[in-house]
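K.L.:
According to Swiss-Prot, the protein carries these features:
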type	residues	note
ACT_SITE	ASP440	active site, proton acceptor
BINDING	327-335, LYS350, 396-398, 458-460	ATP binding site
COMPBIAS	191-202	compositional bias 'Low complexity'
COMPBIAS	242-260	compositional bias 'Low complexity'
COMPBIAS	271-290	compositional bias 'Pro residues'
DOMAIN	11-24	domain 'CRIB'
DOMAIN	321-572	domain 'Protein kinase'
MOD_RES	LYS78	N6-methyllysine
REGION	95-301	region 'Disordered'
REGION	298-323	region 'GEF-interaction domain (GID)'
Amino acid sequence: MFGKRKKRVEISAPSNFEHRVHTGFDQHEQKFTGLPRQWQSLIEESARRPKPLVDPACITSIQPGAPKTIVRGSKGAKDGALTLLLDEFENMSVTRSNSLRRDSPPPPARARQENGMPEEPATTARGGPGKAGSRGRFAGHSEAGGGSGDRRRAGPEKRPKSSREGSGGPQESSRDKRPLSGPDVGTPQPAGLASGAKLAAGRPFNTYPRADTDHPSRGAQGEPHDVAPNGPSAGGLAIPQSSSSSSRPPTRARGAPSPGVLGPHASEPQLAPPACTPAAPAVPGPPGPRSPQREPQRVSHEQFRAALQLVVDPGDPRSYLDNFIKIGEGSTGIVCIATVRSSGKLVAVKKMDLRKQQRRELLFNEVVIMRDYQHENVVEMYNSYLVGDELWVVMEFLEGGALTDIVTHTRMNEEQIAAVCLAVLQALSVLHAQGVIHRDIKSDSILLTHDGRVKLSDFGFCAQVSKEVPRRKSLVGTPYWMAPELISRLPYGPEVDIWSLGIMVIEMVDGEPPYFNEPPLKAMKMIRDNLPPRLKNLHKVSPSLKGFLDRLLVRDPAQRATAAELLKHPFLAKAGPPASIVPLMRQNRTR
């Protein structure tokens with residue numbers, strides 16, 4: 001009982017210790033230093049992308065504490081408030097929304113198995129596997145979701161944040177930072193801005209004239225969509241904060257803006273928060289009091305969820321998908337790969353939390369565009385679902401990854417550059433013919449199959465033009481790829497995609513877009529004020545590639561070539577087969 005206490009085991013200090021790795025963070029360069037080689041591709045590739053610039057005044061507001069309601073199938077429960085919302089959606093046309101369109105072509109009939117997947121996806125017009133999603137900094141798996149029949153609408157809840165959740169504010173980008181996929185800026189127009197805003201003095205290269213009298217183009221509801229610009233003075237690149245007051249003057253932005261400098265437009269009339277709407281209608285109506293029913297109303301989370309329920313498929317994808325593995329993040333959600341239980345096929349699943357969206361109405365684009373416009377050079381969507389408070393989009397999985405990895409770490413020859421441009425222009429020519437503007441063309445949005453085929457993805461921020469709405473005005477996109485007329489807040493059309501494609505060609509030649517060592521706001525000012533950017537390695541390209549680029553990067557959008565015209569350019573005759581891209585993917589994997 002009182003035996004001798006056991007001798008304490010002595011553990012020696014480490015012997016022959018060598019400190020081989022020391023990792024730190026350079027605050028000036030905003031990047032990690034001394035990373036082991038194995039970690040570099042995991043951390044640097046996503047950490048170097050500049051964050052989107054967001055105006056918090058126009059972030060979709062949420063009304064917590066709404067009563068929970070059961071949604072069955074694909075129909076929403078029609079209480080009084082929801083009935084008004086759904087009636088608005090049914091009567092909505094492209095004039096009032098770029099997402100919900102009455103004139104959308106009907107989705108093609110495709111035979112589906114019980115698990116919701118097409119029976120023969122390879123036989124569709126698409127032609128092959130693709131990739132889903134884009135990079136970003138939002139995370140959060142669904143915690144609750146009903147079965148394939150009944151589905152509970154979850155109330156407000158706190159979700160675990162990703163370890164790398166993106167900040168809403170801007171960041172200065174060093175040379176090795178790349179922007180997230182998604183809309184970076186969208187600036188609402190406060191009412192009462194002085195008309196006839198002139199470009200700043202000392203802009204010898206800007207050929208865009210300002211209208212002497214800018215007529216307001218936006219009513220009390222909806223996104224501004226007519227041709228007359230009424231934005232702030234482009235000369236100062238003054239991006240006003242959203243306000244319902246007509247007396248706030250625009251402020252000149254200096255350096256990296258504050259989080260409230262830039263923000264998205266409200267695209268859908270009934271989904272726009274009141275802070276983003278002007279105080280007075282743009283066009284005076286007939287005399288008489290306004291009907292209170294016509295005033296924009298705040299749409300609760302439950303109402304928005306019920307409206308989204310109408311365009312997605314019923315059921316729960318977890319009933320036929322297994323082994324979800326997160327492979328990336330986008331500006332709207334996370335991207336996972338999953339396995340179809342019955343066949344073992346890999347698919348990509350993009351999960352977007354309705355409560356974490358900068359502009360939740362743009363989620364309709366994630367479903368509608370890929371569903372309605374099918375092409376062999378556009379990523380194919382299989383199904384879409386509401387799982388709890390998340391929109392899940394099931395798409396084909398693209399094993400080759402994004403073009404960004406190739407342009408950053410390898411050098412492409414002209415045969416390979418032409419092959420990428422040909423595929424992208426074939427997709428854009430179809431989309432532009434239908435009045436769809438992508439608005440975020442860049443290497444991040446170009447995805448590759450395992451055999452080198454090129455596909456266009458990331459349709460969450462596209463817009464629709466038509467005879468009713470021939471031009472758009474929202475400031476949406478990634479700064480370094482934006483067209484000058486878009487930055488100048490002039491009305492634009494599909495030609496902004498052509499400019500962005502030209503910047504992507506520079507990416508493929510030089511490895512990065514122009515002004516990439518500048519902060520986003522300064523880069524936008526330089527794009528707006530300067531001559532079209534030139535290649536750094538101009539001496540290394542052929543005259544045909546230079547001539548092709550000169551047709552893309554034209555400051556006057558009226559003189560810029562269309563996608564259909566560019567498909568006839570001699571440079572595209574150099575395009576190699578998809579197999580010519582495979583060595584680049586192999587080289588990137590073995591680096």
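Each position is counted from 1, following the chain as shown.
Just so you know, glycine gets a Cβ as well, placed from its N, Cα and C.
Each of the listed features needs to be described in terms of its position in the shown structure.
P.N.:
Residue counts for the domain 'CRIB' (11-24) under DSSP, helix first, then strand, then coil, are 0 helix, 1 strand, 13 coil.
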K.L.:
Given the binding-site residues ILE327, GLY333, VAL335, GLU396, LEU398, PHE459, which lie within 10 A of ASP440 (active site, proton acceptor) by CA-CA distance?
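P.N.:
Checking each Cα against ASP440 (active site, proton acceptor), the hits are PHE459.
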K.L.:
For ILE327, VAL335, LEU398, listed as binding-site residues, tell me which one has the smallest number of other Cβ atoms within 10 Å.
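P.N.:
Relative to the other binding-site residues in ILE327, VAL335, LEU398, ILE327 has the fewest Cβ atoms within 10 Å.
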K.L.:
What does DSSP assign LEU398 (ATP binding site), in three states?
P.N.:
coil
K.L.:
So how many other Cβ atoms are close to SER331 (ATP binding site), meaning within 10 Å of its Cβ?
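P.N.:
So the number of other Cβ atoms within 10 Å of SER331 (ATP binding site) is 30.
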